[in-house]
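First up is the structure itself, then whatever we jot down about it.
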Amino acid sequence: MANSKYAYVRDFELPDPLLPGTFMLFRLDGHSFHRFSDVHEFKKPNDIRALQLMDHAAKDVMNEYPDIVLAFGESDEFSFLLRKSTSLYNRRQSKIVSTLTSLFTSSYVFHWQEYFPGYPLQYPPSFDGRIVLYPTGKQIRDYFAWRQADTHINNLYNTTFWALVQDGGQSTTEAHATLRGTFSKDKNEILYSRFGINYNRIDARFRKGSVLFRTEIPSEEAVGVDDGRPSVITTSLRAAAAAISGEERTSSGRMANESTESTSDIIAKSAEKEPSSTQEHSTLPSETSTAIPGIAQGQDVVHLETALPVASTTDIVTPAPPEPPKPKPKPKDSVKKSKQKQKQIPTKIEIVHCDIIQDDFWNERPWILDENWAG
Ligand SMILES: [Mg+2]
């Protein structure tokens, strides 16, 4: 294999490393989900089943990849933040993008029936993925603010649009015409005066999207962690239990029920624009994509590659006499990373629907942007 006359083709495989020392922002987005939501009869303006399924898939991805510290989801998209210091798959872009997108998609399909009982999938859904690198924490905060502002703009538009259609007797064309040129305050007024809807009392999940963040497991909760060591195992078991029970942890009542007014005000001032006409399918807003990571840390790559015997001419011509199997020494790199992993603190994933545009969320969780965090 290695020395065959065909082996030169391998030289065409070019490395695609991502710049070290930068935050990786991986975003994935549903492919043609307008059609997908129509075929599967998603409720308008929001289908909570579809959103919960997205959250579930995102949580599965975060449980598999400890270097993802934060995620934000709305409609058919999810953004994942990987810590600045991550060495996941040696920061190979294609490997990360393809593996993360694949895991998210398979989880979405795997759990479909739990959220849509009686509605079998009509065809396989797919997601695209991409990675964008950001050098600073400010840019990361602005990125997530951008996505949450998008959530607000789309949801306010869609909520008003479908109220006009479903309760106001307007056609979709008429509803678009009614909303053309309106500002946030105008839509809020239409909702309240014509339909008795106080927008700020609508489920925070719809108004603010889903925020999944990694946090340390308090020591009293860390069952199975007997020496302060980490554990992927502990984290995974807890995640599995949560997944089975369908549990969604909320960090605190205050956060979950937090008012959106501040966010709305900010957005109203800075981002007043109409979504595209296709956005009446509220569950599927803007087109976006994401990159995806792979499964484990760089060390897993090492294990995998060393586990695969490379056939050489020598091996074929003069096979070695049978010897008792010897454990292969781990490459230095791998040993080093194992030690690093042992220092990791056990973590869990929490899901909230709160403001992430202002400072509070970030000030209360400084570890999210801290590259030295061992969680
Ligand atoms: Mg989308």
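Including glycine, each Cβ sits where the backbone N, Cα and C put it.
Automated prediction, rather than curation, is the source of TrEMBL annotations.
As written in TrEMBL, here are the features:
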COMPBIAS  252-265  compositional bias 'Polar residues'
COMPBIAS  276-291  compositional bias 'Polar residues'
DOMAIN    6-135  domain 'tRNAHis guanylyltransferase catalytic'
DOMAIN    138-358  domain 'Thg1 C-terminal'
REGION    243-291  region 'Disordered'
REGION    312-347  region 'Disordered'
Helix, strand, coil: count each for the residues of the domain 'tRNAHis guanylyltransferase catalytic' (6-135), based on DSSP. 56 helix, 31 strand, 43 coil
Arithmetic mean of per-residue pLDDT over the domain 'tRNAHis guanylyltransferase catalytic' (6-135): 98
